[in-house]
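K.L.:
Feature annotation from TrEMBL assigns transmembrane segment to B:9-26, B:32-55, B:62-82, B:88-108, B:117-136, B:148-168, B:202-226, B:238-264, B:276-298.
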Amino acid sequence: MKPLLKASHVVEMFGGLKAVSDFNVYLEQGELIGLIGPNGAGKTTAFNLFTGVYQPTSGEIEFDGQSIVGLAPYQITQRGIARTFQNIRLFSELSVLDNVKIAFHDHVKYGLLEAVLRVGRYTEEERQIERDSLELLKIFHLKDKAYETAKNLPYGAQRRLEIARALAAKPKLLLLDEPAAGMNPQETQELMEMIRWIRKEFNLTILLIEHDMSLVMGICERIYVLEYGHIIAHGTPEEIQNNPEVIRAYLGGAS
Amino acid sequence: MNIQRKNDLMYLVLGLVIFGIVYGLMEGGMIGSFWKLNIIIICINIIMSASLNLINGYTGQFSLGHAGFMAVGCYVSVILTTNFHMPLIVGMLAGGAAAALLGCLIGLPTLRLNGDYLAIATLGLGEIIRIVIMNINYVGGAAGFTGIPHLTTFPWVFFTMLVTLFFIKNFVNSTHGRACIAIRENEIAAGAMGINTTKYKVMAFTIGAAFAGIAGALFAHCFYIINPSSFTFMASFNYLIMVVLGGLGSLTGSVAGAFVVTALSAALASWPEFRMIIYALALILLMFYRPQGLFGYVELTAFKPFRFLDRTKGGRE
Ligand SMILES: Nc1ncnc2c1ncn2[C@@H]1O[C@H](COP(=O)(O)OP(=O)(O)OP(=O)(O)O)[C@@H](O)[C@H]1O
Ligand SMILES: [Mg+2]
């Protein structure tokens with residue numbers, strides 16, 4: 001079987017800076033994979049390449065057997081990749097519930113006329129969206145905050161809301177950019193459970209960037225290590241933990 | 001019947017009651033011709049501010065050329081009614097369609113611009129429309145178009161206004177409207193949620209232009225003569241003031257903004273020099289005390305005494 005996502009020889013240049021070079025990654029259906037590396041290694045850039053925010057300078061990215069190079073971010077989301085952002089990007093002035101409802105957009109069938117005249121599929125579909133949104137909020141312990149303004153949520157809750165919103169887009173592949181950043185150890189532990197659970201429940205493939213090693217080592221099946229845009233190691237958590245290249249990259253020192 | 005339907009019905013009844021009272025006063029001769037015209041202008045300005053709010057307030061695209069679309073609707077409709085003796089409704093629909101078409105054609109390239117650049121582009125656009133009209137002899141050029149039949153009546157403007165408000169209210173409470181609001185809140189996140197941001201920006205712009213065109217048609221048929229100088233940059237600016245004063249992203253705000261600005265300038269019509277001073281003063285005070293506008297992103301129904309009017313929101317299970 002073909003991998004769900006396959007990046008081959010991807011290069012991304014920012015002026016003279018090679019943010020990502022000769023990047024090769026594959027994700028099998030249903031896997032939970034980690035992407036780690038020091039600050040500025042190019043992890044977020046990789047996500048931006050997968051989601052169409054940046055276009056690769058060269059190389060090929062295939063999703064579900066088809067090239068996604070050249071597609072706009074919304075088209076890639078419609079094909080089944082959803083993401084969260086390292087620097088949280090919620091619809092901050094809107095309610096928690098509306099944040100999630102918005103992401104159902106591509107799955108709504110009623111048309112403009114039905115919406116404006118409030119006939120046909122409008123009422124039933126809107127009711128369904130509200131039900132499904134509240135259901136997602138419940139999974140992430142946000143249901144009792146459904147009518148609060150998103151920007152008033154604590155940091156950890158905002159990160160969870162980003163995941164709930166991404167799931168509303170009904171993706172096959174979920175990209176999480178530092179989902180545990182700013183969370184305390186207990187919140188991180190809960191988040192780990194949630195990530196495991198949603199993968200099973202929603203039949204997801206997940207790629208996550210994380211600095212929290214206990215989280216990455218605890219839930220990922222395979223890990224890619226990035227440094228200065230290059231993949232310096234790839235393997236199971238045990239292999240990565242004992243890899244001298246990785247230890248050197250993380251602890252510094254002469255190479 | 002669900003809650004939403006009940007709510008709509010209640011708004012409709014409220015609208016009919018207001019209509020009945022005002023119409024009764026007009027027919028009973030309690031409202032003179034000066035205020036009669038101004039009430040009609042208030043309704044037209046509500047259509048203008050509500051439709052501009054869809055673009056500026058809900059979708060967050062700063063447009064400064066709304067009077068240009070009004071001019072298109074105005075001239076297309078008067079040609080049809082005056083030169084071809086069509087009924088008003090045909091003029092309104094054709095005027096709205098022409099403005100929508102232009103809005104769509106112009107929106108496609110300009111809506112790629114952001115913030116200040118879009119404001120300048122739309123400002124220029126409004127001026128171009130006006131200057132083009134000024135140079136077409138068929139419609140009277142700078143001297144104006146004369147002989148327009150006086151077809152606009154209070155019932156026409158009032159019910160067109162109601163339709164506009166219902167249209168925009170239902171639009172912003174649908175997935176299409178949510179897509180527009182998402183663009184305003186965070187364009188990158190909107191794209192990442194599968195929303196075709198260009199499509200929805202153009203859609204909001206086109207719908208806004210269509211209603212401005214319809215408002216233009218109604219405006220034209222209040223007078224015997226219509227002239228391009230009614231659609232200058234200052235007119236566009238005036239509609240923007242109504243939207244900002246009432247509150248960006250609030251439909252009740254747009255109604256209040258259009259009402260306050262129009263009624264105030266009518267009341268001060270005999271003292272034109274005071275008008276501008278009071279106008280400026282009101283805006284400065286507003287900037288100080290309510291920079292988000294009178295209503296600022298929420299509807300009247302968010303405030304306690306009016307909450308009974310909307311039972312669909314904020315209800316927890
Ligand atoms: N749009 C851009 N223009 C120019 N340089 C960029 C751009 N985006 C990222 N970079 C640079 O590319 C490199 C990789 O950045 P990236 O954000 O991918 O790192 P990261 O691995 O996510 O780091 P962190 O752990 O701090 O989030 C950095 O040197 C960064 O400054
Ligand atoms: Mg990053």
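From the backbone N, Cα and C atoms, a Cβ is placed for every residue, glycine too.
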K.L.:
Should the transmembrane segment (B:202-226) and the transmembrane segment (B:276-298) be scored as in contact, given a threshold of at least 3 Cβ pairs under 8 Å and pairs 6 or more apart?
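P.N.:
Contact criterion not met.
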K.L.:
I need to check the long-range neighbours of the transmembrane segment (B:117-136): which residues 6 or more away from its ends have a CB within less than 8 Å of a CB in the stretch?
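P.N.:
Here the qualifying positions are 61-69, 71-72, 75, 102, 106, 110-111, 142, 228, 231-233, 236.
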K.L.:
List, by number or range, the same-chain residues at least 6 past the transmembrane segment (B:32-55) whose CB is under 8 A from its CB atoms?
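P.N.:
Residues 22, 26, 61, 63, 66, 70, 152, 154, 157-158, 160-161, 164-165, 168, 171-172, 180, 204-205, 207-212, 214-215, 218-219, 222, 239-240, 242-243, 246, 248-251, 253-255, 257-259, 261-263, 266 contact the transmembrane segment (B:32-55) from elsewhere in the chain.
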K.L.:
Name the range, of those listed as B:9-26, B:62-82, B:148-168, B:238-264, B:276-298, that has the largest tally of Cβ pairs under 8 Å with the transmembrane segment (B:88-108).
P.N.:
B:62-82
K.L.:
With a Cβ cut-off under 8 Å, give me the same-chain residues at least six positions beyond the ends of the transmembrane segment (B:148-168) that come close to it.
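P.N.:
Contacts with the transmembrane segment (B:148-168): 8, 11-12, 15, 19, 22-23, 26, 36, 39-40, 43-44, 46-47, 50-51, 53-54, 78, 81-82, 87-88, 91-92, 207, 211, 214, 218-226, 251, 255.
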